[in-house]
Amino acid sequence: MDRTLVQEILEVVEQAAIASAQLTGLGQKDEADAAAVEAMRKRMGTIQMQGRIVIGEGERDEAPMLYIGEEVGSGTGPGVDFAVDPCEGTNLCANSQRGSMAVLAASDRGGLFNAPDFYMNKLAAPPAAKGKVDIRKTPTENIKILSDCLGIAISDLTIVVMDRARHKNLVSEIRSTGARIQPISDGDVQAAIACGFEGTGTHCLMGIGAAPEGVISAAAMRALGGHFQGQLVYDPAIAQTSEWADYTKEGNIKRLNEMGITDIDKIYEANELASGENVAFAGSGITDGLLFDGVKFEKDCTRTSSLVISTLDQTARFTNTVHIKDGAQSISLK
């Protein structure tokens, strides 16, 4: 993986974001996702690489494109593994709400954890708290550590938690410390990454979300030097989701074992979820969010706002791109 490829993956997420954004607010979440998938797959196909999807839209028999194990790219060049979410926050996009984006993580072959389609308990925090907060500690303990590391009063800390019934006790404990809570309905990748930047108003992400998105968040936080830990959740009583209505704890453990995951309670650090020598993250806003704006359609151009983070040169680049239409007559400065 090289710097040229990092530029290419920026364009991949830009095209996916533009495709989804055309359906923003129309209540068509499946169509928005499909549009992003098709655009992402098409742009990936032009890149000189031997790409492979390790986290995607599902198993081969569940998804027509960007399925797990699918080969993407020209078929020549470096071997690259991808974890993709072409439209993270499909409900957000469908309802024109904040926080939807096209995202992916890339690494050298074998450098991304093949996360099962399970849930994951996550903890994300700023670089100053890396290795000091710990998912094994209670939320109260971690909030006190955050306050000390950041030099911020607990009452001024904001903790992001997904708005789910399973987080009732977590929310109650956080509130008991005096810290603030920002509930989100979907899209915890952007919230996790926001913890890595000062000035976002987001200081920590706690709670359970999707495991595949945890790998994407881990890749970004590793490149930023931030803190990220994840632990797979296999007990339906903890996940509290209708998606597991017919699943049992024992059945889920069996599924994990069949996938080669025998240490089912392992706590994964960012550099284990994204272990490659070279790791990159790319995200482009579909709707406005914590880190960047969504797609803006104008008469003669389309504007995208994106972020690329890479370990190759230890950079985080915020990029505003003007995609000029054929026959454009006038393009405003901003």
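For all residues, glycine too, the Cβ spot is worked out from N, Cα and C.
The secondary structure of E57 (Mn(2+) 1 binding site), as reduced to three states from DSSP, is coil rather than helix or strand. The feature Mn(2+) 1 binding site is assigned by Swiss-Prot to D33, E57.
The Mn(2+) 2 binding site annotation in Swiss-Prot covers D85, E88, E213. When other Cβ atoms within 10 Å of the Cβ of E88 (Mn(2+) 2 binding site) are tallied across all protein chains shown, the result is 27.
Under 8 Å, Cβ to Cβ, and six or more positions away along its own chain, G187 (substrate binding site) finds E88, G89, L92, G99, S100, M101, G289. G187 (substrate binding site) carries neither a helix nor a strand DSSP state and counts as coil. Feature annotation from Swiss-Prot assigns substrate binding site to E88, G89, T90, Y119, R164, A165, R166, D186, G187, D188.
Looking at the residues that bind substrate per the record, E88, G89, T90, Y119, R164, A165, R166, D186, G187, D188, the two CA atoms farthest apart are separated by 21 Å. Highest Cβ count within 10 Å among the binding-site residues D33, D85, E213: D85. Within 8 Å of the centroid defined by the CB atoms of D85, E88, E213, the record's Mn(2+) 2 site, lie the Cβ atoms of G89, V103, G187, V189, A210, P212, I216, excluding the listed residues themselves. Put simply, E213 (Mn(2+) 2 binding site) is 17 Å from R164 (substrate binding site) when counted between their Cα atoms. With respect to their backbone Cα atoms, D85 (Mn(2+) 2 binding site) and R166 (substrate binding site) stand 24 Å from each other. All protein chains shown were included, and the count of other CB atoms within 10 Å of the CB of E57 (Mn(2+) 1 binding site) stands at 23. E57 (Mn(2+) 1 binding site) is 25 Å away from R166 (substrate binding site) when you measure Cα to Cα.
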